[in-house]
Ligand SMILES: *Cc1c(COP(=O)(O)O)cnc(C)c1O
């Protein structure tokens, strides 16, 4: 399998090359040249693999369709090492929980940091260590986080050979639980840098360092952001696992509702559907930051400025633009790289928006690709959290609540199970749960008392020069010899 860029750049690359890269050279995102097709016999084999050998085997079989530059035995071992009951809390890894009628929750948040990002990031950590080891290379990951991404990355990369993580976050602005999760890590290869500023300042620092190409090359700076194809591919697997658990035969269909920000999670659902997994609808659920809902309703994609980007109680979906959305639009436009470049490269940088409402292919988003959408507000989240607690005895987190609220509006056919992806556990967003229920959410035993653990964090001003100097100091020995 080779990979191409959504903006038409001519080079075709192998999986392990794009694994360690960010954007394609023309600024596009990587996608496979084609989507491998899963026919009825293959789906039956995958069903059997999940039931008899477990999630790791299912992951191995799906990943094998896309990765041919890692020997099969090695890939199998990497999957087996990643998806264990010890790391993800249950043997099923992503069990379904019944809510009502044919509405289900798929639990994706029982990994080390209690958010779905662990599903992909844990595999990425093992893939990085493997590939860097093969090349005798090193990588220094520089990132910016407002919570979930940074902790998922740190827990995936801690103690890994050849990898250091420098993670910036806005000083004092993450929830106490999130701060404790990240800053309590004592691993030498993990560097927490709390920036005196807001999340945008952190992102600006990462951009400034990445734009200094000489520094970037010298210190082998890389990222783990959500546009990485390997992360997306790892997420495709749990759509199969959800389908397999909700159905008994391959002639049944299911729908998914996905709490969305950067369109990464639901883009993996799109890939699964393109492979032939019998998915009826893919429902995109946003919060007040409704860039994506607006597009699927109107055909207009309008990036928000920072003044129009709301701080909400589902903060991991507070985005101004959806960084993975370009992948779907590329498919929607019949994989026309020139047209995709005109929209994402030119139109967005000139006017911050584009309009596909007059393009006949816009109708395909729903008709051919199954996309629907909806949005949810703070009041909706509170009501949904309360309703699920009272009627089902289930406490859901704020992002998952956005999903459940929108799913109920789109669950029109009771004969088609609707699966809502649970993207975090409620303890991560305890303040809003208390607001909704009047009591704190349950805390998994292994997180008892983490706020009291010693913290390992550097507080620094929002100054690129100082951050670079910090990176230099902590990389110098390895670089020199
Ligand atoms: C990252 C995140 C999301 C959004 O996922 P995308 O892939 O960016 O659409 C939703 N919920 C939680 C809890 C997250 O951490």
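Just so you know, glycine gets a Cβ as well, placed from its N, Cα and C.
Feature annotation from TrEMBL assigns domain 'Threonine synthase N-terminal' to 2-83. TrEMBL lists 98-336 with the feature domain 'Tryptophan synthase beta chain-like PALP'. Here TrEMBL flags 117 as N6-(pyridoxal phosphate)lysine.
Around residue 117 (N6-(pyridoxal phosphate)lysine), the same-chain residues six or more apart in sequence whose CB sits under 8 Å from its CB are 148, 149, 152, listed in sequence order. Residue 117 (N6-(pyridoxal phosphate)lysine) falls within a helical segment according to DSSP. Broken down with DSSP, the domain 'Threonine synthase N-terminal' (2-83) shows 40 helix, 7 strand, 35 coil. Restricting the average to the domain 'Tryptophan synthase beta chain-like PALP' (98-336) gives a pLDDT of 94.
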